[in-house]
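Structure record follows, encoded as structure tokens.
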Amino acid sequence: MEANAGLVAGSHNRNELVVIPGEGSAKPLGNVNSHICQICGDDVGVTSEGELFAACHECGFPVCRPCYEYERKDGTQACPQCRTRYNRHKGSPRVKGDEEEEDTDDLDNEFNHIDKRDKEQDVDEMLHSQMAYGRDTDVTMSSMQPPYPLLTNGRSVSGPIDSNATSPDHQAIFPIGPGGKRIHPVAYSDATSDIGSPARSLDPSKDLGSYGYGSIAWKERVESWKLRQGQPGQGSKLQMTTTEGGHLQSSGNGDHHEMGSNGLDLPMMDEARQPLSRKVPFPSSKINPYRMIIVIRLVVICLFFRYRILNPVNEAYALWLVSVICEIWFAVSWILDQFPKWLPINRETYLDRLALRYDKEGEPSQLAHVDIYVSTVDPMKEPPLVTANTILSILAVDYPVDKVSCFISDDGASMLTFEALSETSEFARKWVPFCKKFNIEPRAPEVYFALKIDYLKDKVQPTFVKERRAMKREYEEFKVRVNALVAKAQKMPDEGWTMQDGTPWPGNNTRDHPGMIQVFLGHSGGHDTDGNELPRLVYVSREKRPGFNHHKKAGAMNSLVRVSAVLTNAPFFLNLDCDHYINNSKALREAMCFLMDPIVGRRVCYVQFPQRFDGIDRNDRYANHNTVFFDINMKGLDGVQGPVYVGTGTCFRRSAIYGYDPPPKDAKAKPGQSKGVCPDWLCGPRKKGVQKAKAGKGGKKKSQPPSRTDSTIPIFSLEDIEEGIEGIDEEKSSLMSMKNFEKRFGQSPVFVASTLLEHGGVPHSAQPGSLLKEAIHVISCGYEDKTDWGKEIGWIYGSVTEDILTGFKMHCRGWRSIYCMPHRPAFKGSAPINLSDRLNQVLRWALGSVEISLSRHCPLWYGYGGGKNGGLKCLERLAYINTTIYPLTSLPLLAYCVLPAVCLLTGKFIIPTISNLASLWFISLFISIFATGILEMRWSGVGIDEWWRNEQFWVIGGVSAHLFALFQGFLKVFAGIDTNFTVTSKQAEDEDFAELYMIKWTALLIPPTTLLVINLIGVVAGISDAINNGYQSWGPLFGKLFFAFWVIVHLYPFLKGLMGRQNRTPTIVIVWSILLASIFSLLWVRIDPFLAKVKGPDLSQCGINC
């Protein structure tokens, strides 16, 4: 697709499609003198017919005959104005790359032929002028035979499509529907690639297997052909090699290097000897004591509950019963959280082996194509500068540029995001070559220039300092331009936003607008200042109409999946939040070490990276780093079936997101035989068998998702899908009908065909000119109606935490995931450091978990059976159960935090007077709890401060956000009262953690504040009562005070957040606290509510002698 070709907006349902020319499109000549050569200054001259000589028939840029001949022979062979390749004029000598054409040009006949075409075909051809893009286009596109003849200088050809047929000077306007919308084609300005020999024409109606592709015989023929090509004396011939992305690459070099370990047919034994990654188990000296203490703690808990149940407190039976119920739930919650961490592992990757196998120097890279998705909604809460830094880090990633495509989802249809993206694409032309030239890290400019380190370390090029200063100045100017756009967008004009050419912005109504696609960087025009190609950058805003459920972020991600499948169809894709930049430029290579591994990667659905954050206060007051989860829980899950999907920093296999089953396991162990530490009954069955799930009604069998049992699945045309393909397994053959595929994937033949290409690539059965229209089609608001989108394929709907649900569905099909923790964090983002924003974020996560636990996807009853791929393993299921029901812990936690105050105020306690033997159970329980935490920190490397902050915020979030989420979830599921989705604010700049000390009042602050007040009152009352009653009352008081201080210490970060700035507690707060505590204590001592009332005679009636 041509970069800056224009914004494409349209609606499939309304049959509308408009191409709005971009700012960078070719412009007609202005005040240029058409008689003077713009290169040498001589007269242009005339032809033999007496007409003015026109070197370029596209834009008419004035060039004389000698300069024209020089450019064709020794120059770029292209017009300096429009970059269109020069055609051969009559009398000019032929040069390499000229088509086999007549000596006379027949332009009149060419345009007469165009006038006779069908209007729809004209539209397709002009859209093709924008869609003739991408990787390995020369050969891939030449295999697509359009139904109309293609013209080059008036002659029909069957070779590669000439995308320069339509120019700005010969623009026409074609209506495509009753809506009267028009298309303004924009010229494709890239030169036609030079291929040494014509490509073999294929019949798209036939299976490629009939030509021998994909078969063993074809592989043998290719190998023998390679050997012949390497013999001396052979001329330069066209070489065709299959890339990992499913494309064909051409090379005119006859000296073909042997592929060696980089070959696609490398023996399996060689692959096993050189794995791309390996598991690194923890030392037994660290992990075995940890497992032993878990077992000991489990035994101690059982003995503790035996004592608690057999020894009730009769004088405080209600308090005792509540405490025992809470403690039982805490024990169950601990088991669900603890045992999935039984088998923690680390992993190592070998990037050098990946490069040796798939990315040798001097050879075409065999690394897989990767699409990268970035989602954004509100530019006011997600500043464009933050999004721009994320995009710049993506464009500068250390990966072959022809294999990276970045898709930006603007779900708010904001013109501010659109214009900021345009500015970003221009700045990227300078930033990307600077990053790659000096190999800087990180490659987000805002973070790089803010680093307080020695930036000259390891830099040896003398020009670095000068170029860094110049680049910093360029970035500051870029920030000023973006900030000016933000300031301008603060108030929307009454007539709505208008683009630079005067066209109204199609997204002025954010709830009712067409789908929009704009390519900012691409195969044509996407070059940096050094002339090197840049990765593709595509802006996407899906169609929105009133009356449709757009499913928020999950719906936006599914739209990106379909758009990228139509335009690029990479076999893998990475999704990032707009505030998560690439901190490690080799992050994609790290993921490919797992996904492209022929042994490990076959059953891997995604690679999850840990989330790391910038801009958090030094003490991490509200546990924003979440280190315990990412460094302990996720490592434990990686040893079972893989980590859960956490919403960002995840590299997916496209076939897994489509709902396909993983390839079957290789039976290497006998049924029932255990491998390693984990037995079959605990970690999942390893026996080979098929269990079919039954539907709930009518006894019909539920249709299982199609499986891919072969890594070399051939490409099928839609005609083959109708009739079924001979030689395909029965399960897949039963689904090989167009009706079933449309019901599953939607009514887009191009997209359906792309789902059959396991290694990706643009489908051969589609016309290039129709791809852009199909891209608009697949983002229409009604495309998902009556399909499996959001139910079985794509991001799953039904919860605001669509990430957990999506990963859970994949694991239930038998896929496994991988946890990758490179030494340098792969991605970094921003987190809310304000107390209210942090609680709202936790509220959204907890609400999503409640929705899942009350749906049919609850792990307690969903996903059993597993089928032939094993399904969900036992420990993985425990982890998912804990992930979905943890908000229920808020009820017993709230009750347990109230109990200390009640005990202090009433003088009663939940534990009876204990003997020395009974005290051993309490002491053993506390020791086992501390020992578990210490040993967990020992093997994981988590610091005690991080562990303690996590414990504190578990209580703060449990009595506030989790409690509210529980009630909101019940209201939403049972009463239909929905809650609004709140986007977490991302801060572009951090000024001394100003957000940390800002108090934003919300109802979530009420429960923790109440608990703090009543426990403080209980402490004051208990101490006052002990002072009043004497020495003997202090003994029973210590247990109650310990209980109350446990609550207060856990809520201390919350209390500190209410006080304001760090280490600057307001004086008025201290004065009032002392005054109120003193008054309350004196009143309490005076009232003496806990002293027993003395019963005796009424002295006022009978006197002292009664």
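Just so it is clear, glycine is given a Cβ too, placed from its N, Cα and C backbone atoms.
TrEMBL labels come from automatic prediction, so no person has curated them.
Keep in mind that this is a model prediction, so the values were computed, not measured.
Positions annotated as active site by TrEMBL: Asp411 (among others). Neighbour list (Asp411 (active site), Cβ cut-off 8 Å, at least 6 residues apart, same chain): Ser375, Thr376, Val377, Ser541, Arg542, His550, Lys552, Lys553, Ala556.
When other Cβ atoms within 10 Å of the Cβ of Asp803 (active site) are tallied across all protein chains shown, the result is 24. Here TrEMBL flags Asp803 (among others) as active site.
Summarising the annotation, TrEMBL assigns UDP-alpha-D-glucose binding site to Ser375, Lys381, Glu382, Asp411, Lys552. All chains included, 14 other C-beta atoms sit within 10 angstroms of the C-beta of Lys381 (UDP-alpha-D-glucose binding site).
In sequence order, Val374, Ser375, Gly647, Thr648, Gly829 are the residues of the chain that are 6 or more apart from Asp577 (Mn(2+) binding site) and have a CB within less than 8 Å of its CB. Per TrEMBL, the feature Mn(2+) binding site maps to Lys553, Asp577.
Here TrEMBL flags 234-253 (among others) as compositional bias 'Polar residues'.
Residues or ranges marked as compositional bias 'Basic residues' by TrEMBL: 690-703.
Annotation comment: TrEMBL describes 704-713 (among others) as compositional bias 'Polar residues'.
Taken from TrEMBL, the feature domain 'RING-type' applies to 37-83.
Taken from TrEMBL, the feature region 'Disordered' applies to 228-262 (among others).
What TrEMBL records for 690-713 (among others) is region 'Disordered'.
Annotation comment: TrEMBL describes 287-305 (among others) as transmembrane segment.
If you look at the transmembrane segment (317-336), the same-chain residues 6 or more away from its ends with a CB under 8 A from one of its CBs are 298, 301, 305, 308-309, 878-879, 881-882, 885-886, 888-889, 892-893, 895-896, 899, 902-903, 908-910. Annotated transmembrane segment per TrEMBL: 317-336 (among others), in sequence order.
Annotated transmembrane segment per TrEMBL: 885-905 (among others), in sequence order.
Per TrEMBL, transmembrane segment is recorded for 917-935 (among others). Under 8 Å from some Cβ of the transmembrane segment (917-935) lie the Cβ atoms of residues 286, 289-290, 293-294, 296-297, 300-301, 303-304, 307, 311, 338, 947, all in the same chain and six or more residues away from its ends.
Among the features that TrEMBL reports, transmembrane segment is placed at 955-975 (among others).
The transmembrane segment annotation in TrEMBL covers 996-1017 (among others).
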Counting every protein chain present, what is the number of Cβ atoms, excluding its own, within 10 Å of the Cβ of Lys552 (UDP-alpha-D-glucose binding site)? 16
Reduced to three DSSP states, the domain 'RING-type' (37-83) has 9 helix, 4 strand, 34 coil
For Ser375 (UDP-alpha-D-glucose binding site), what is the tally of other C-beta atoms lying within 10 angstroms of its C-beta? 23
Applying the under-8 angstroms CB criterion, which one of 955-975, 996-1017, 1037-1055 scores highest with the transmembrane segment (885-905)? 955-975
Near the transmembrane segment (996-1017), which residues from the same chain, at least 6 beyond its ends, have a CB less than 8 A from one of its CBs? 617, 621, 833-837, 839-840, 843, 894, 897-898, 900-901, 905, 956, 959-961, 963-964, 1044, 1047-1048, 1051, 1054-1055, 1057-1058, 1060-1062, 1077, 1080
Just report the maximum Cα pair distance in Å for the recorded UDP-alpha-D-glucose binders Ser375, Lys381, Glu382, Asp411, Lys552, no decimals. 16
Lys381 (UDP-alpha-D-glucose binding site) to Asp803 (active site) - Cα separation in whole Å: 21
Counting only residues 6+ away from its ends, which parts of the chain sit with a Cβ under 8 Å from the transmembrane segment (955-975)? 622, 839-840, 842-843, 846-847, 849-851, 853-855, 886-891, 893-894, 897, 1003-1008, 1011, 1047, 1050-1051, 1053-1054
Here the Cα-Cα span from Asp803 (active site) to Glu382 (UDP-alpha-D-glucose binding site), rounded to a whole number of angstrom, reaches 20
